[in-house]
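Down below is the structure, laid out as structure tokens.
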Amino acid sequence: MQASLTQALNGLRVSRETVQKLEHFASLFQKWARSINLVAPSTLEDLWRRHILDSLQLYQLSPGPKTWVDLGSGGGFPGVITAICLSEAEGGWVHLVESNNKKAAFLRVALRETGARGSVHPIRIEAAPAEIPSCDAISARALADLSQLLDYCAPWMLAEGSGTVAFFHKGRDYQQEVDKAVSRFQFDLIKHASVVEPDSVVLEIANLSRRTK
């Protein structure tokens with residue numbers, strides 16, 4: 001592993017045991033990516049920085065034994081990475097929602113072989129709230145624009161007494177998505193600068209409600 005990556009992992013306070021699990025996941029990922037499209041092929045050479053480190057920052061923003069729902073889990077970013085981090089916590093779980101059967105199969109193998117705390121739900125996102133009635137946190141990466149993501153999250157975040165918080169990776173044009181979303185929703189927003197890409201952010205959203213016309 002490059003010295004710069006090791007330094008970045010140390011900065012995120014990742015234990016040696018977790019790094020070993022992440023390395024095993026990376027090996028599995030590279031193997032499966034030869035036969036199914038898990039991420040854009042052009043990003044495979046930069047797997048650790050572009051995907052693993054980018055995903056790790058979510059757990060740093062909301063550590064501890066929480067119940068997560070990861071929407072459109074795809075190649076496991078950030079859901080499997082969060083589940084690996086939770087393997088050292090006393091509790092917590094990640095529900096990985098992925099309707100593509102091939103990707104869901106990969107996710108099951110990744111969870112099993114890394115000892116991560118999670119399970120795979122091979123269903124459409126719209127069906128997930130009926131199967132996963134509550135959660136502490138929601139994550140999604142490279143899935144949809146913010147308005148659509150909030151529609152997906154609404155069944156959990158609008159439930160009475162809900163304290164669910166959502167975390168979304170967004171690129172340099174995130175403000176346009178925020179401006180569009182506030183025409184339909186009210187929410188508390190914290191913008192966390194990405195530790196990987198200087199123009200990117202992680203949006204932390206809480207106290208969601210729909211605007212009334």
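Cβ from N, Cα, C; glycine included.
Keep in mind that this is a model prediction, so the values were computed, not measured.
Record features (Swiss-Prot):
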- Gly72, Phe77, Ile125, Glu126, Arg141: S-adenosyl-L-methionine binding site (BINDING)
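On the structure: features taken from Swiss-Prot.
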residue: Gly72; record: S-adenosyl-L-methionine binding site; Cβ neighbours (10 Å): 21
residue: Phe77; record: S-adenosyl-L-methionine binding site; Cβ neighbours (10 Å): 25
residue: Ile125; record: S-adenosyl-L-methionine binding site; Cβ neighbours (10 Å): 21
residue: Glu126; record: S-adenosyl-L-methionine binding site; Cβ neighbours (10 Å): 12
residue: Arg141; record: S-adenosyl-L-methionine binding site; Cβ neighbours (10 Å): 23
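Across the annotated binding residues for S-adenosyl-L-methionine (Gly72, Phe77, Ile125, Glu126, Arg141), the two most widely spaced Cα atoms sit 20 Å apart. Ile125 (S-adenosyl-L-methionine binding site) carries a helical DSSP state (H, G or I).
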